[in-house]
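Remarks on the structure that follows.
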């Protein structure tokens, strides 16, 4: 402990694995390794295929590259501490290292939310205004959107580590997960955390909450456009281009909303439920998104097959 008058700050926190199943952690690590491997390889393949295929140099696939990079970052943020705990029982994480991990996890989560909103806007423009789509979403415009997304995440969350450093911690140092999460660290403090709670809620609602609302509005407009199409085949073709994105939105937002609700209102929720929702939120989307887009996108699937055939040849 670091002690300075009435101010207490732990030198480290202790991470938790899956409560009640500590003896099975080496076996539990096997599916986690498979998910991390899927996330790392799948997103790298997506990036490689889009970079090497000129026909995929379109706004939809530029945003998909942003999503893949974000998923890679999320996987790499939690992989060392999660597998370190499961394999070697390494529960200790330094205070500053914990704040850094928490900061990047939240930044990447906010960036993923914003990228999903940008992809929804791209689908809306492609379906509702196909003739103006290429003129509006040029390469430079996509780049500016990507830069704005990163800056919004970085700047909006910048005060969080400093708000946590000002708190006094006493007694408990055990986190609820094998990674650092803002509400989890905040609840270990024995000081007034009203500012942290208020700022966290405001930022969450004004970023992720707003993104989700606009995604829903985009699909309301898309559905209205689709219903105005003359033939059933045209309707199905237009909706089929949105299936991958809808799956990615559901896979990301459902666990995120669930975890946020549990941390703020679920005091009586069993620890096992809290842990499973947290792992679903941070590990499942990076592992599933490449699979979803590879299965549903004919262009990516064909480009992948061409790349494999060239290597065999």
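Count begins at 1; order follows the chain as displayed.
Any Cβ shown, glycine's included, is placed from N, Cα and C.
As annotated by TrEMBL, transmembrane segment applies to 24-49, 61-88, 100-121, 142-164, 197-222, 243-264, 276-295. The domain 'G-protein coupled receptors family 1 profile' annotation in TrEMBL covers 42-293.
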For the transmembrane segment (61-88) and the transmembrane segment (276-295), decide whether they are in contact, meaning at least 3 CB pairs lie under 8 A, counting pairs 6 or more apart in sequence.
-> yes
Same-chain residues at least 6 beyond the ends of the transmembrane segment (243-264) whose Cβ lies under 8 Å from its Cβ atoms = 67, 109, 112-113, 116, 119-120, 123, 181, 183-184, 187, 197, 201, 204, 208, 212, 215, 219, 273-274, 277-278, 280-281, 284-285, 288-289, 292-293, 296-297
Taking residues 6+ outside the transmembrane segment (276-295), which of them lie with a CB under 8 Å of any CB in it?
-> 18, 32, 35-36, 38-39, 42-43, 45-46, 64, 67-68, 71-72, 74-75, 78, 82, 105, 112, 176-177, 179, 181, 244, 247-248, 251-252, 255-256, 258-259, 262, 301, 304
Across the domain 'G-protein coupled receptors family 1 profile' (42-293), average pLDDT on the 0 to 100 scale = 91
